[in-house]
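According to TrEMBL, the protein has these features:
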type	residues	note
REPEAT	3-98	repeat 'Filamin'
REPEAT	126-219	repeat 'Filamin'
REPEAT	219-311	repeat 'Filamin'
REPEAT	304-398	repeat 'Filamin'
REPEAT	401-493	repeat 'Filamin'
REPEAT	552-609	repeat 'Filamin'
REPEAT	612-704	repeat 'Filamin'
REPEAT	706-800	repeat 'Filamin'
REPEAT	802-893	repeat 'Filamin'
REPEAT	927-1021	repeat 'Filamin'
Amino acid sequence: MPIPVGDATKCRITDGLENTTVPVNKETVICVDASQAGDGKVTCRIRSPSGNDIDIDIVENPDGTFSILFTPQMMGAYTINIKFGGQSVPGGEYDVQVLTSNDWSISAVSPEEYEKYLEDQVGATEDLISPDTVDAVHAGAPGAGLFQPVDIRIPVGPIFNFVSAYVVMPSGKKAYPKIQDNKDGTVTVRYQPTEIGLHELYVKYNNDDIEGSPFKFHVDAINSGHVTAYGPGLCHGIVNEPAEFTIVTKDAGAGGLSLAIEGPSKTEIKCVDNGDGTCTVGYVPTAPGEYNVSVKFADSHIAGSPFTAKISPTAGEPRRKAQIGRSSEVSLKVMEQDINNLTASIRSPSGREEPCLLKRLANGHLGISFTPREVGEHLVNVFRNGQHINGSPFKIIVGESELGNASKVRVAGEGLQNGMANEINEFMVDTRDAGYGGLSLSIEGPSKADIECLDNEDGSCRVTYKPTEPGNYIINIKFSDEHVPGSPFNVSVGGEPSSRMTERITRHREAADITHIGSQCELSLKIPVAFFARFAHYQEETQTTSGTSPFDMTASVTSPSGLTELCDIVSLDDNHYSIKFVPKEMGVHTVSVKHKDMHIPGSPFEFTVGPITGGGSHKVHAAGPGLEKGEINQPCEFNIYTREAGAGGLSIAVEGPSKAELDFDDRKDGSCGVKYVVTEPGEYLVSVKFNDEHIPESPFKVYITPSIGDARKLSVAALQQKGLQVGKPAAFVVNYNGASKGKLRARVISPSGTEEEALIQEIDDGEYAVRFIPRENGVHNVFVTFDGCDIPDSPFRVLVGKVDADPGMVTASGDGLRTGQTGQTCKFVVNTCNAGAGALAVTVEGPSKVKLECKEVDEGYEFTYSPTAPGDYMITIRYAGVNIAGSPFKAKIEGQGKPSGYHEQASVVVETVTKTSVMSKFSGLQKFQSDASRCTAEGNGLKKAFRGKQATFSVDTSQAGNNMMFVGMMGPKGPCEELCVKNQGGYVYKINYIVRERGDYMLVVKWGDQQIPGSPFCVHVD
């Protein structure tokens, strides 16, 4: 996600925020004052009712303000999201309603006009209670006034400006209540009574009374000594939503309380004694209409009884209830025969978009499943081959009662307090009273403990877990992304530890030979077969490939000065390659090795020409599938690159349930290969140390599966290797191919390291759809497992966005990467010029917590951090999910300060923009020698032109040396419509152009980066 480079909280929307309605086909302007916010740019995204982003213009003004201009082309609700430096500005996320000119003239009224309208409706001589008065009364302590305040929630319509309301009191006076927009098609009318007796609330929408208006409610004094009742359930309600009111019996003496509700539907009455002389009564009406609510005390009606409650239909679509552990099902009321190639996503009122499941319902309609997290209107986008299906996007209304409430979840069981290693421990989770939401569970501790959750189909579930080692564990239980009461739980696990075996080898690594300018440099790479297997499913053949061809490989080297040229690739034997190049400079070079346009594990590599300085364990890198996963009795392979680390001892250890057979291959060029085989499944730790220090990311956790069995039969189809877009749903199909039933799971790891579960849905017998929405540009790894075992070729590498995000072109420089002082700001710059756009992730880890800040500069992004304790700080820089050459960097910080006792970490992620440097150099680029003053230009087109007619002039550069011709023309309203430059031969250029507007135009002609004599020319157009 983007990281702010300034302070977005200091931005102000000075114009446009108050316009909740705007006219169609007319330009609308929003002004943002960012003059106090520091460095950064204002960005804006406006989404139309159809779900598409509309074209906007953002103008940066000299005074630090920004003007956002857009012209809506259709009527409906538009969603606006304004950010500064990638962070939302205050009030920058809101909706506007686009209306026809006639509707807009009615709704877009000023506050003064609205006051006048109310006076005309209520009467100019009547006494009015203003909203300010209501707020002042509400601000008092509860019960401080004579009467209980009245809050009534009423469904109206989508345009808040159309709503008006007034209250007629028992004396005949009329009051002006406060109206609050709930952003979901309803409003809350708040009124502070001043009289005892029957009141009437009149609510109008677009000058017409809404259904049920007027609403009647009775007001009695607090502490009157009589039984009284108050609350919205006595006068109004909404179908299928709880209607509540309160009865006050304090100081009323002895007597029995009786309740009765009569109306269009049967309702169950619930009465809860609050223990303070009051009780809360609730009922859920299931049909609209008038309900009579009778409240009797000592066999007599209390004041106002029987009350009349008018129940309104639900606003928008009918609501669907979500079950625990599952999502809500909603019919889209369209018929679709083939849903295999459909993808769907749902966008919440806040603008967050997530994938959702598609299914065919029993009635043949297309349906979706999702977990509601926000109140309001949700948009469901359903695509076939990237295009909306008929009726898409669909609208769904989510009400307050459909959101999950973690505080109402109940948990119980011995497994939340104590447990035993290598035994099943359990507890229960009950969400029946908690609303609708997703349940998530996790366990942290000395060993991996797989969690199993058995849904009881009644809103509760039984949870079991089996740790393999004794010790203290933490169990996290969340409902709707919030901890339930008591979570996280500390659990003491006893029992005997499992038997783990360790196999270790140690080898001494000599310093690499010093290379020189003009000598041939060589990098030897043994690429594991498993890496190439990940691309096999993209080939037309169905058999698995066992290797690759040199034609699939590319390699390039970038010198310290930025010169990039191709390397020679020589195939030595099966999947063993030699990368060769001849350096022309001393210093650190970057070698990028790609297979089918994707960096191989470990690439880009650092290669120093000349003496190697600053070595150590942080300069050792290990990569390969044997550090990610494996299978029993099958070789697990990975590579280690030690060339940049200097001389030292290299130690490799494999610890796990069985002894490992280790094989070490020293390639004598600063790299080596490791292969190991284990016989028992489980979690293994692979440790790689250099001079007794762990290298980056060591120890590696590797899960070794049993023989994967039927998982070998599973295959993937319709998975795009390239062309995926950020925020757009992606889908592929997993075929069982005759495999037995088992648990299928999919997860996606983005370039920045974040992990998300993918959605899985059965679309046919033995055929499942996997859907996810990528949130970053770069290479994503999609893991697909069957009964805990990766299916063949998993994880699958997919490229999101353009191919231009290249970590091999990113460099980092600055003293902050090597040295620094406590209490002082350390700086470094990450240069992303010519590296394309991608996710830049930077992490600083060390003895103290640092505030890591980022700011955009011309060549890339400048990072600053201020350490408060001395020691070594590791700075990791990843681009598009790949470490750049030299990462991680070690900064030695000196000075005063006390370390925290454990390593602290600070991270930022920047979604970069494409930057191009005019100083970039490429191999073979010639140097131009020219003199623009020796160019000559002639022709009528240099002075005068006519609208819609072609004008011409020529430029002779035959005496001006060798360079490039640049021509541009700007008029009163922008550039000219057509301009053509044609080389006539003999270094003479003919320029034709056509303009459409009258006025004076500026014509610029350059030879290279210098203007020719007379330029810029002034051309008058008639």
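Backbone N, Cα and C define each Cβ position, glycine as well.
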>> Can you give me the average pLDDT across the repeat 'Filamin' (927-1021), rounded to a whole number?
In response: 89
> If you run through the repeat 'Filamin' (927-1021) with DSSP, how many residues end up as helix, strand and coil?
Replying inline: 6 helix, 53 strand, 36 coil
>> Using DSSP, what is the helix/strand/coil residue split across the repeat 'Filamin' (706-800)?
In response: 5 helix, 47 strand, 43 coil
> What is the number of residues in the repeat 'Filamin' (3-98) that are helix, strand and coil, as DSSP sees it?
Replying inline: 3 helix, 51 strand, 42 coil
